[in-house]
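Now, the feature entries from TrEMBL:
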- 12-27: transmembrane segment (TRANSMEM)
- 14-430: domain 'Major facilitator superfamily (MFS) profile' (DOMAIN)
- 58-76: transmembrane segment (TRANSMEM)
- 83-103: transmembrane segment (TRANSMEM)
- 109-131: transmembrane segment (TRANSMEM)
- 143-165: transmembrane segment (TRANSMEM)
- 177-199: transmembrane segment (TRANSMEM)
- 251-272: transmembrane segment (TRANSMEM)
- 284-303: transmembrane segment (TRANSMEM)
- 315-334: transmembrane segment (TRANSMEM)
- 340-361: transmembrane segment (TRANSMEM)
- 373-394: transmembrane segment (TRANSMEM)
- 406-427: transmembrane segment (TRANSMEM)
Amino acid sequence: KLQKKLVRKLDFRILPIIVLLYVLNYLDRNSISAARDNGLEADLKLDAAKSQYDTCLSILYVGYILLQIPSNLLLSYCGRPRVYLPVCVAAWGIVSALTAVTHNFTGLLLVRFFLGVVEAAFFPGAMFILSKWYTRAELSSRIALLYAGSILSNAVSGLISAGILGNMEGKAGIRAWRWLFIIEGSITVFVAICAVFILPDFPHNSKMLTEEERTLAVQRMTDDSGGVSDVEGANGEKPIDGLKDALCDPIIWLFTLCLLACVIAMAFNQFFPTIVGTLGYGKITTLIITFGPWGWAFLAVLFNSLHANKSGERTFHLCIPLCIGVVGFIISSATTNLGARFFALFLEAQSYAGYVIILAWMSNSIRGSYKRAAGLAFINCLSQLGNIAGSYVWPKKWSPSYWQSNVISIACIVVTIATAIAIRIVLQRRNKELDRK
């Protein structure tokens, strides 16, 4: 009874604020796609022939990759996520708002790089925090809700962007696309300040719990780890030991390849308004109708993740949505019919339901506090190379059919599925060895 009460308290305290922060994370990161066709590319005189817009997309992930592992190890070592994470969130809100004052390619490139640097802490940090509070049986559905936040962001970002871009043009002498970054960045800073008073620290040092609840929170995570303490350094382990253990574990590398391939396949997310624009709608209408495919994807993510959590099965819940996405990519390549291509967008967007399963699966498969912190950051870090590559997968010169982009996405899904099957085999063998012991 006390454990159920504790979990309800965690759900109420942790999940809403982390999901909201992730919504803002995607809003700030992907606002550039809405701004692109509404004045940013023209005002900053970005050269399409030199892929300058694509470079500004990809440079974010350079900063993102460089800081993820050090950031997660620092978060694990300092043990104060209540302060650490909101500070990073406020920093990315400020940097995102500074996009409004850029006037050329160099300025935009620098802002995007530093946006990646300050955003690097959030997603692996959020996953690590959840893995510190929730048992393996509880974790999958919570990570699904976290990632559903990004899907929700994709669904509502078009509506928010349409509202700002359609009504703020010329206000105070400022272009509407610049207002888009100012408004969304300011909201992020405000929510970050609120998060300091909402987020807890880790189970062993959180002040939001009573002494009895704190003891229970620590004990249940120790029990879930097979009797190994989940408190940082309790077993004499150092952060560098966790990093070494992660790098020497083949399952870490398999998850890295699986997620990397999937990230490239999902790169259409960064260009979604541009892809929808090939259907022939106006710029503001295009932003509004992006709600449909992402709204459907949001429901698909929730249903698939909750069913996977209930059944305990991962591989098929990962593969089936991705296979449905392949059908969408094939339809997009095969026809220019308006209705068929719009339907294909729904199939492509729901493939994120498979992507989320990878995130929950890898979080469940890594034990040991420092190893998990390093492993999650390492997997997410290298997988972001897919976003750098993905930034060049949907160039305007391949529109309106984008058949080359669709073929690349299908090939990456095949790699993802093949790697997922290999992960299943390795984990089954490990479980059998543990049973024999």
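Every residue gets a Cβ built from N, Cα and C, even glycine.
A Cβ distance under 8 Å defines the sequence-distant neighbours of the transmembrane segment (340-361), meaning residues of its chain 6+ beyond its ends; these are 127, 139-140, 143-144, 147-148, 151, 154, 255, 258-259, 262, 265-266, 268, 275-276, 278-279, 292-294, 296-297, 300-301, 303-305, 308-309, 314, 317-322, 324-325, 327-329, 331-332, 413, 416, 420, 423.
Here the transmembrane segment (143-165) sits apart from the transmembrane segment (373-394); fewer than 3 CB pairs are under 8 Å, leaving out pairs fewer than 6 apart in sequence.
Residues 29, 84-85, 88, 109, 112-117, 119-121, 124-125, 128, 232, 239, 242-243, 369-370, 373-374, 376-378, 380-382, 384-385, 387-389, 391-392 of the same chain sit 6 or more residues outside the transmembrane segment (58-76) yet have a Cβ under 8 Å from a Cβ within it. When averaged over the domain 'Major facilitator superfamily (MFS) profile' (14-430), pLDDT in the model lands at 86.
Of the Cβ pairs linking the transmembrane segment (406-427) with the transmembrane segment (315-334) and spaced 6 or more residues apart, 3 or more are under 8 Å, so the two regions touch. If you look at the transmembrane segment (177-199) against the transmembrane segment (315-334), you find fewer than three C-beta pairs under 8 angstroms, all six or more positions apart, and that falls short of contact. Below 8 A, the CB atoms of the transmembrane segment (251-272) and the transmembrane segment (373-394) form 3+ pairs separated by six or more positions in the chain.
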